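For 61-72, the entry in Swiss-Prot reads compositional bias 'Polar residues'. The ubiquitin cross-link feature in Swiss-Prot is assigned to Lys485, Lys490. According to Swiss-Prot, the feature phosphoserine maps to Ser41, Ser72, Ser92, Ser153, Ser161. Taken from Swiss-Prot, the feature N6-acetyllysine covers Lys66, and the record attributes it to similarity to another entry. Under the heading phosphothreonine, Swiss-Prot lists Thr70, Thr106, Thr157, citing similarity to another entry as support. The region 'Disordered' annotation in Swiss-Prot covers 27-82. Residues or ranges marked as repeat 'WD 1' by Swiss-Prot: 182-221. The feature repeat 'WD 2' is assigned by Swiss-Prot to 224-263. Look at Swiss-Prot and you will find 266-303 tagged as repeat 'WD 3'. Sequence annotations record features per position, and here Swiss-Prot assigns repeat 'WD 4' to 307-346. Summarising the annotation, Swiss-Prot assigns repeat 'WD 5' to 353-395. Under the heading repeat 'WD 6', Swiss-Prot lists 397-438. The repeat 'WD 7' annotation in Swiss-Prot covers 441-480.
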Amino acid sequence: MAQFVFESDLHSLLQLDAPIPNAPVARWQRKAKEATGPAPSPMRAANRSHSAGRTPGRTPGKSSSKVQTTPSKPGGDRFIPQRSASQMEVASFLLSKENQPEDRGTPTKKEHQKAWSLNLNGFDVEEAKILRLSGKPQNAPEGYQNRLKVLYSQKATPGSSRKTCRYIPSLPDRILDAPEIRNDYYLNLVDWSSGNVLAVALDNSVYLWNAGSGDILQLLQMEQPGDYISSVAWIKEGNYLAVGTSNAEVQLWDVQQQKRLRNMTSHSARVSSLSWNSYILSSGSRSGHIHHHDVRVAEHHVATLSGHSQEVCGLRWAPDGRHLASGGNDNIVNVWPSGPGESGWAPLQTFTQHQGAVKAVAWCPWQSNILATGGGTSDRHIRIWNVCSGACLSAVDVHSQVCSILWSPHYKELISGHGFAQNQLVIWKYPTMAKVAELKGHTARVLGLTMSPDGATVASAAADETLRLWRCFEMDPALRREREKASVAKSSLIHQGIR
């Protein structure tokens, strides 16, 4: 019996087509097990180490193609982007919108939409920049390099490109004497009429200078010694001049007839600021009150605004007549409505960011909800406000007292008059508030600014008893001709409508 077992074992050992027991696993079998099965055990690794010096080259009958296995994680096709980051709905809407007819709309509808956009957003959406200035960005991490840096050109602007800057004379066009002008920051002593007549208050007198003919006329002189003129303001269209005095009076003069029409008394202290809104004359007093006067009726005092605790030194109606801005010695700026609300006369907005007296207040002529204000020596800032939202759009430290601010109707710029130490006028670009030019010449602080009716010349009155005329907003001749043609066409349409 043992003989048969021995023969069977011998036969199995000599048989070549049977698997060899305890032999190393073939390479193709080991690769297949590693791809589909668990990691090999230490025992199998030890068994393979005996035959590490000899590797079979090719297994008979086995194809050379590698066995394809299913990956454990889906890798994704690199030529197909992930749609989770794509705005497919927006793209579909834009593609479908291109096939629809364009909605041109009526001019009236477009004007209403633009007005709503200006009041709600503070800017026109159609003309706005995609990226708007919102503050200083955070610094990048140390060692960070922007991979998009190669997309931006480092070359200088070609010399053939058109220059965007214009020539601004650094010297005044004319210098007039202003003897005995009161060196008082809180007074408003100069104003330029639509008829091209400049009114200047010199102590107790008011003088008129006709810019066209050069004639000078003394309109009035205070009767009582010690009294003086504290403010002057022309009506928007006409020959009527309002005069505020130190004895709390508001006088109304017909300049053409050189006659005082009426004397309005309602204040208890000097009237340091005046502003017109059609037939309503608003006056600000040292008592902190603002009075509305209806110059058509005998009972002229129609309203009292109480929003300041000290002197109202800045007062200005908006060009559209919807808002009144007031600045006071209490460092407060109030924005008032044109009419009383449900709770009476209350300010729509109150700004308290200034740290000094606010005399300089000016409304943007092309954007009725934008207001510029300037603070005194303790503040030295110019701030731009959106009176609808109450937001401060920008604040610029000018390093000196701000006495007055004017907007240019021809350029998107504004000019400010300053005090110590340089007593200069500065032109700023809006809305970036970049400095365009500085006009120097006064030897004492600027007391007030006013602009000619054509918007080209600015008159500055200073404590050095001079009145300087600066032609800093001269309009381009081609642009002037275009505007003249547009005004003529508009007037002809009005006449046709009247007929």
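Going from the start of the chain as shown, residues are counted 1 onward.
Glycine too: its Cβ is placed from the backbone N, Cα and C atoms.
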*Do the repeat 'WD 5' (353-395) and the repeat 'WD 7' (441-480) come together with 3 or more C-beta pairs under 8 Å, pairs six or more apart in sequence?*
no
*Across all the protein chains here, work out how many other Cβ atoms are within 10 Å of the Cβ of Ser92 (phosphoserine).*
10
*Taking helix as H, G and I and strand as E and B in DSSP, count the residues of the repeat 'WD 7' (441-480) in helix, strand and coil.*
4 helix, 16 strand, 20 coil
*Ranked first among 182-221, 224-263, 307-346 for CB pairs under 8 angstroms with the repeat 'WD 7' (441-480)*: 182-221
*What is the three-state DSSP composition of the repeat 'WD 5' (353-395), stated as helix, strand and coil residue counts?*
0 helix, 23 strand, 20 coil
*Where does the mean pLDDT land for the repeat 'WD 4' (307-346)?*
94
